[in-house]
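Here is what TrEMBL records for this protein:
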BINDING   Gln135, Cys136, Gln137, Pro282, Tyr283, Gly284, Gly285, Met286, Glu287, Arg599, Met600, Lys601  peptide binding site
BINDING   His311, His315, Glu334  Zn(2+) binding site
ACT_SITE  Glu312  active site, proton acceptor
ACT_SITE  Tyr399  active site, proton donor
DOMAIN    475-646  domain 'Peptidase M1 leukotriene A4 hydrolase/aminopeptidase C-terminal'
Amino acid sequence: MAPIDPHSFTDSSHPLTTHISLSLYLDFSSSTIHASALLSLPPTPPPPHSPAVISLDTRSLSISSVTDPLTNSPLPFSLSSPSDPIKGQSLTVSLSNNTSNKILIAFTTSPSSSALQWLSPPQTQSKSLPFVYTQCQSIHARSIFPCQDTPAARVCYSARLNVPRQLSAVMAARHVDRRPPTAGEAAAACDDALWCAEGRVVEEFVMEQPVPPYLFAFAVGEIGWREVGPRTRVYAEAVPAVLDAAAREFAGTEDMIRVGESLFGGYEWERFDLLVLPPSFPYGGMENPRMVFLTPTVIKGDASGAQVVAHELAHSWTGNLITNKTNDHFWLNEGFTTYAERRIVEAVQGEDIAALNIGIGWRGLVEEMDRFKDKMEFTKLKTNQEGVDPDDVYSQVPYEKGFQFLWRIERQIGRPAFDEFLKKYIATFKFQSIDTDMFLNFLKANVPGIENEIDLQVWTEGTGIPSDAMEPVSNIYSKIVSLSNEFKLGQMPREDEVADWQGQEWELYLENLPKSVEASQVTFSASSLLSVTLLLTVGLLGSFFPYVIPGQLSALDARYRLAESKDYEVKVAFLQLAITACCRDYHSEVEKTLKEVGRMKYLRPLYTALVQGIGKEEEKVFAKRVFSEARNSYHPIAQGVVESILSKHL
């Protein structure tokens, strides 16, 4: 008898739910869902001497009743108090009088549910109808319905979404029907008068393959779609310009699916649809099975945004098919997927583009080492997150250090052998949740002697970047890094040198410029700035002053218009540099960016750059004001991340 996950109340003695049937009445006027969840438990009795109870994870849910649906008799239940700041409340249900191996729970969500963002009509593209969407990773499904909210507990589910007739619903599940409501099917979610009210429709979905709760996902709004392949549609708000741009950006999706199948085995999820969400979506993409959720910032106009799609597609094998058992082993999801993504990109777009991706990732990994210099536990692959909110320590480490580990194994045994290993690994563990030790045992059994060639313990349990990790080697990567180094010495790249650059090349270039300068180190008077310029001219400054100065950045932007880039990767990388160099002329562009997107990849570095370091009083006041004005447009997860950044430095 012990907890199976540091982020869940689920105990090893409790039966694990096998199926959940949900009835959800979406009330846009109150930003709540009136709901019921019918949980099916395995028919086997609990282990000897264990209490006949089940503990479920909840957060901000109002529980109305818990009953045995066979007899309609109430089952005793209790909610833990006070609420745990990370895990929420445990809903403990007595099973002693349960005769059906099923539990029916009636409940209502809170307007502050951490998994739901309710958008009013003015916050949408159409400006006429509301919109709502979910984001359940890592531990937010519990704020929509009671469940064992741990990836160790995989479940199948069905769902009825009762929504206004003028809206439509999509879900990370198979769509069954859109039809009028039927009396009696609300299953305690609400009374029939409300469920069957005029102007309502029911959208039915079913997920027949067992998935971890964090992959539960739906969106409801004025949604349209475009067909882009035999098993792919692109969905978005029903705005023709958005739908058409998305369809062009992701036109090559079927080619990527076929490459993925050739590398990792058959695609097990039937469809691979894409939903482009409003700008407030907090992630680049979310790998929900059958329907990936995407930020609109990946629509760049040159098909390069498809690389985010490649990452989410790769999750179809590594993450969705094989899942980390707890967030302590998150690298098993993201390290494998980053490796798989780059193999797909290499096959579809070429080795040079894959090398650029690896290089950008390498710079990100190096920066994360600095971010966690006082919390080196989170530079490990196998972490200990007891008492830690996974949103607070979300980083590139599991992605990029995990990638580096797998790349190291590939270099050791050769790509053909590693490809065969990957296929066997996926076939062996599909539809299972595993931990790091299970992977290492499988690796050692299938690659005999690997532990004598690579220090597996250093890679999985050691802090920092292992000495046998490797920066990528390619002509285009080396050239861009070289140009970055020249810029530090005062040399701006020539137009002929960057003529063929797209967003990734500029991103890599900017990522290789230093971002750690304090405000006091770059605030120059006119006379000192003249001295700096003279030193740059003779090439001396870089030897003892490895920082970018405001004049350099302004000149670079004047020539290449980076602050106005349509590619947010480029825009944000440049604005981050401008903030750290105290180029306050760019504050208006920073404010515009922070107010028009809610992707945490952009919010985190910009807010951090504004408030981190000494001599930043003006920037701190600016950051606090912008957040107060933009807060309501951010997803609750993003709100929490920004609040944490500001509270640390203000």
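If you go along the chain as it appears here, the first residue is 1 and each next one adds 1.
Backbone N, Cα and C define each Cβ position, glycine as well.
Where the annotation comes from TrEMBL, it is an automatic prediction and has not been curated.
The candidate set comprises the binding-site residues Gln135, Gln137. Of these, Gln137 has the most other Cβ atoms within 10 Å. Within 8 Å of the Cβ centroid of the Zn(2+) site, not counting the listed residues His311, His315, Glu334, the chain contributes Glu287, Glu312, Ala314, Thr318, Gly319, Asn333, Phe336, Thr337, Thr338, Ala340, Glu341, Tyr399. Among the recorded positions His311, Glu312, His315, Glu334, Tyr399, the ones whose Cα sits within 10 Å of the Cα of Glu287 (peptide binding site) are His311, Glu312, His315, in sequence order. If you measure from the Cα atom of Gln137 (peptide binding site) to that of Glu334 (Zn(2+) binding site), you get 13 Å. The two recorded residues, Glu312 (active site, proton acceptor) and Gly285 (peptide binding site), have Cα atoms 7 Å apart. Counting every protein chain shown, the number of other Cβ atoms lying within 10 Å of the Cβ of His315 (Zn(2+) binding site) is 24. In this structure, the C-alpha atom of Tyr283 (peptide binding site) lies 14 angstrom from that of Glu334 (Zn(2+) binding site). Within 10 Å of the residue listed as 'active site, proton donor', judged by CA to CA distance, lie the following binding-site residues from the set Gly285, His315, Glu334: Glu334.
Summarising the environment of the residue listed as 'active site, proton acceptor', the number of other Cβ atoms within 10 Å of its Cβ, over all protein chains shown, is 24.
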